Amino acid sequence: MMAATAARSASTSHDHALERGMNDIDDLDDALSLDPGFADRFERDEGRPPCKLYLISPPAIDAGFAETLAAAIDAAPVVAAFQLRLKGIDEHRIAELARPLQAVCASREVAFIVNDSIGLAKRLDADGVHLGQEDGDPREARQALGPTAQIGVTCHDSRHLAMEAGEAGADYVAFGAFYETGTKPTKHRPEPSILGWWSTLFELPSVAIGGITPANAAPLIAAGADFLAVSGAVWNAPEGPAAGVRAFAALKGMG
């Protein structure tokens with residue numbers, strides 16, 4: 001997804017940690033019931049790369065959205081990735097809308113990620129794809145998109161799913177929804193402790209998602225989230241998307 005991500009994903013310690021974790025814990029989600037205060041006992045390691053923003057598109061956009069996206073990215077140097085997640089329209093129309101957005105991202109070295117569809121990601125030559133649990137296997141995505149594609153997997157509140165995603169070659173795992181969100185229906189609600197657990201054991205980056213705003217993001221950053229996936233808090237910010245990005249950029253641990 002970004003240079004730091006690629007380097008960390010390639011780390012042999014990641015492979016060793018995954019193997020150790022899978023061997024030591026038979027049923028992670030039942031066996032590991034972490035104190036919600038677990039994350040509060042950590043301060044973000046000063047040597048750890050700063051947390052970045054992973055922007056997710058609104059569910060519907062128009063041809064003028066490219067300018068909005070550019071303004072948001074340019075507001076502060078904290079946006080690492082943009083995910084195109086549009087609902088209710090066919091892939092041909094999505095492809096039309098995607099082209100100018102890809103250009104905006106490419107010119108700013110922001111990864112352009114397609115939601116759900118391996119086929120669309122390949123058609124667009126996107127930087128990567130984000131897969132839900134029902135959207136395909138990371139191995140399938142890797143075969144279709146090649147070795148440099150950034151492949152992310154939704155893992156909800158499950159340590160087990162996250163470790164399986166790592167074993168399958170994902171470049172990042174996404175946990176959430178941490179807070180109430182109007183973007184999509186959710187039934188999983190992890191505690192920030194899952195981010196602390198993951199970052200303590202594994203090199204693979206984590207993305208926190210779900211209802212994240214500048215007002216509630218601090219515990220997730222402190223716990224070890226590498227990226228904050230945000231949508232409404234930026235696009236619907238009262239003073240505009242650029243102001244929304246700057247509000248996140250001002251938080252401790254962002255950079």
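Here the Cβ of each residue, glycine as well, is placed from N, Cα and C on the backbone.
Record features (TrEMBL):
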- 1-12: compositional bias 'Low complexity' (COMPBIAS)
- 1-20: region 'Disordered' (REGION)
- 53-234: domain 'Thiamine phosphate synthase/TenI' (DOMAIN)
- GLN83, LEU84, ARG85, LEU86, LYS87, ASN115, THR154, LYS184: 4-amino-2-methyl-5-(diphosphooxymethyl)pyrimidine binding site (BINDING)
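DSSP classifies LEU86 (4-amino-2-methyl-5-(diphosphooxymethyl)pyrimidine binding site) as coil under the three-state reduction. Minimal Cβ crowding within 10 Å, among the binding-site residues LEU84, LEU86, is found at LEU86.
Within the same chain, residues at least 6 positions away in sequence whose Cβ sits under 8 Å from that of GLN83 (4-amino-2-methyl-5-(diphosphooxymethyl)pyrimidine binding site) are TYR54, LEU55, ILE56, SER57, ILE113, VAL114, ASN115, HIS130, ALA229. The 10 Å shell around the Cβ of LYS87 (4-amino-2-methyl-5-(diphosphooxymethyl)pyrimidine binding site) contains 11 further Cβ atoms across the protein chains shown.
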